[in-house]
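Q: Dumping what TrEMBL says about this protein:
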DOMAIN    64-276  domain 'Ion transport'
DOMAIN    398-646  domain 'Ion transport'
TRANSMEM  43-61  transmembrane segment
TRANSMEM  120-141  transmembrane segment
TRANSMEM  178-200  transmembrane segment
TRANSMEM  251-273  transmembrane segment
TRANSMEM  393-415  transmembrane segment
TRANSMEM  427-446  transmembrane segment
TRANSMEM  467-486  transmembrane segment
TRANSMEM  498-519  transmembrane segment
TRANSMEM  539-561  transmembrane segment
TRANSMEM  598-615  transmembrane segment
TRANSMEM  621-643  transmembrane segment
Amino acid sequence: GADGDLYINQAVVFIEDAIQYRSINHRVDSKSLWLYRWYYSRICQWILSLTITIILALAFVEKPSSLTVTSDVRYRHPPWDPPCGLTESIELLCFLVFAIDVSVKSYLIGWEEFCKTKWLMAYILTLIVSLADWIVSLSFFCTETVRIRRILRPFFLLQNSSMMKKTLKSINSTLPEMASVVLLLAVHLSLFTMFAMLLFARTKDGQQDKEWVGYFRNLPDSLTSLLVLLTTANNPDVMIPAYSKNRAYSIFFILFTVLGNLFLMNLLTAIIYNQFRGYLLKSVQSSLFRRRLGIRAAFEVLCPLEETPANEQELCVSVGDLFQVLQKVEMDSRCKQAIIRSLKTSSCDRLSAAQFQKLFEELDKDAIKQHPHSPEYQSHFMQKLQFVFGHSYFGYLGNVVALANIISICVVLVMDADKQPSERDDFFLGAINCFFILYYLLEMLLKILAMGLKRYWSYPSNRFDGLLTGILLVLEIATFAVYGFPHPGWRPEFMGLLSLWDMVRLVNMLIVFRFLRIIPNMKFMSLVVTTLLDLVKNLRAFAGILVVVFYAFAITGIMLFKGSVVPMGNIRLSLQQEVVLLTFFYKRSDFLAFLNHYQAIIIYHLCCLLSFNLICRWAKIYFIAWWLISSVIWVNLFVALLLENFIHKWDRHCHRETLSDVEYQRTVELMFRDVLEEPTEEELMERLHQHPHLHLCR
């Protein structure tokens, strides 16, 4: 009756928790289970993700607005500034969604779990502070310069991702080990600063003091100069005056660079790789425990539905009850079909705890994509054609033709490099493009004939190849329709949306891009590319934290440096100010003024390309903090993860026979699957008995 339906629904939710690595410590009554499934439904999570995207994107519209074509303050038109109350109204709607979100979460987990969850308490505090700042903003009619809630917005993105929170926790645990190397870097920097101030001290001859004047006038300037040299941003500018005076001074800079960049920075990468991998492994181990706990909880709530004989001490679950659960569970169709197939082939009517757990180990396996079979032709002639055009050598021939196309384009571009547009004859380039595009079309059709459309389209390289071939064909037909067929002296007047030269350039760019088709045929290059693609697909949590860091520093930079760089006009500046501004515009004019969010987002380039000596002394703290977090810590974290992913793929590549018709897709959890430990039954049952809302009979 009603209890049976409740147990089925509880098992459904616990299995869905296991699939998503969610905690099972939530309410399990009928109404709460309905609310829980509704909250984690696709539509609700999509609304929440859209709300987070909107509130983060408001920074591009709010004053100072980024809605301009050019970022150069000398040429752009005044940006559109939204009226007071427009973005604030959108912001209030977002706060309302977040308030509902935190209310539902708090209710579902209960007061006892809420008091243990620091993220939820921080969520509520962030909402309260943001709402208070929103009220202050309206009180000042949107004229205030400092908006605290803008810096807090990335928190909404951070708290919505469990993997991002685990990653942040792992980074936090790695910080003590990082601090030891950073301290060693600080000692290295301080010692060489003292040496530099002694080596390049002021002398009686002012003409020989260029190094002292430019870089080592005092302690802050000396420290900053060597810190920038550690980033190689002012190399070799910082050593040129001293080297011009005496070649022996280069030994000082060589020693500083070798010890700092080659030894200490790489030592930091090694430590981060070693420590962070261990902490991430612990995090993934806890995810595995959550999955096993969710499956075991589903087994325990289904046990009362099955009448176990008195002579059997082991509890069992009916296969029929499990079928009911699987019909309601939202999971990957591949896994569901595999589990149902195992149940149908099994001769048992009841499942023990071990059998139940083993059944759901299908969730831990690689996602395998099988390519469809090629068509079977009856004709002997068609079988020969299928063998020829389906052979790998036919693909190699296509790569050779693509290479010849690239070489021909390079030859024509070199020959026409110094010619005026009116002197250029586009006949030869248009003719060879026409020939090669026809070959690409023929190659695609022959491959489809040999492999069949479904099998051809199942390979990503073929989809890439076919899509670009189709675009090239459409562009070529459009060119012929507008400008006619190529002929000597083919230089027609501008017609349509694009000139002939623009059309030819677009075709050539796509042809060059199409040459990437060779990557799957080169095993080592293919391994590197698939490693990068796996990072993009599976390590979104790290990219999310990077967005959080960029966003927070960008907003802070807008508030700190707003108006620091002004347009060059009828403004009377001192000689020092003119030198600073001219140097800014000469080096990277569009990266320096924190005039809006779009420009502030790309301050990574500033810390790599701009000398800190051009920045106010008090602002150096901001840029040093940015350099430490972005370049020193985060880049090394990314390198560590890249190494881990590459080593994992390389080991699989060396110890596993490559199958042409099978593609394996890995996740972050599966990367560490071989070194994870399975939780014991005692650990699972102990945790289940500690559940605040689930009361088991045994």
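Any Cβ shown, glycine's included, is placed from N, Cα and C.
Heads up, TrEMBL stuff is auto-annotated, nobody curated it.
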Q: Contact between the transmembrane segment (427-446) and the transmembrane segment (467-486) is defined here as three or more C-beta pairs under 8 Å separated by at least 6 residues; is that satisfied?
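A: Taking Cβ pairs at least 6 residues apart, the transmembrane segment (427-446) and the transmembrane segment (467-486) are in contact, with 3 or more under 8 Å.
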Q: Kindly state the mean pLDDT of the domain 'Ion transport' (64-276) in the predicted structure.
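A: Taking every residue in the domain 'Ion transport' (64-276) and averaging pLDDT yields 85.
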Q: Quickly jot the same-chain residues contacting the transmembrane segment (427-446) by Cβ under 8 Å, restricted to those at least six beyond its ends, or write none.
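A: For the transmembrane segment (427-446), the far contacts come to 385, 389, 394, 398, 401, 404-405, 408-409, 412, 465-466, 469, 472-473, 476, 479, 486-490, 504, 507-508, 511, 514.
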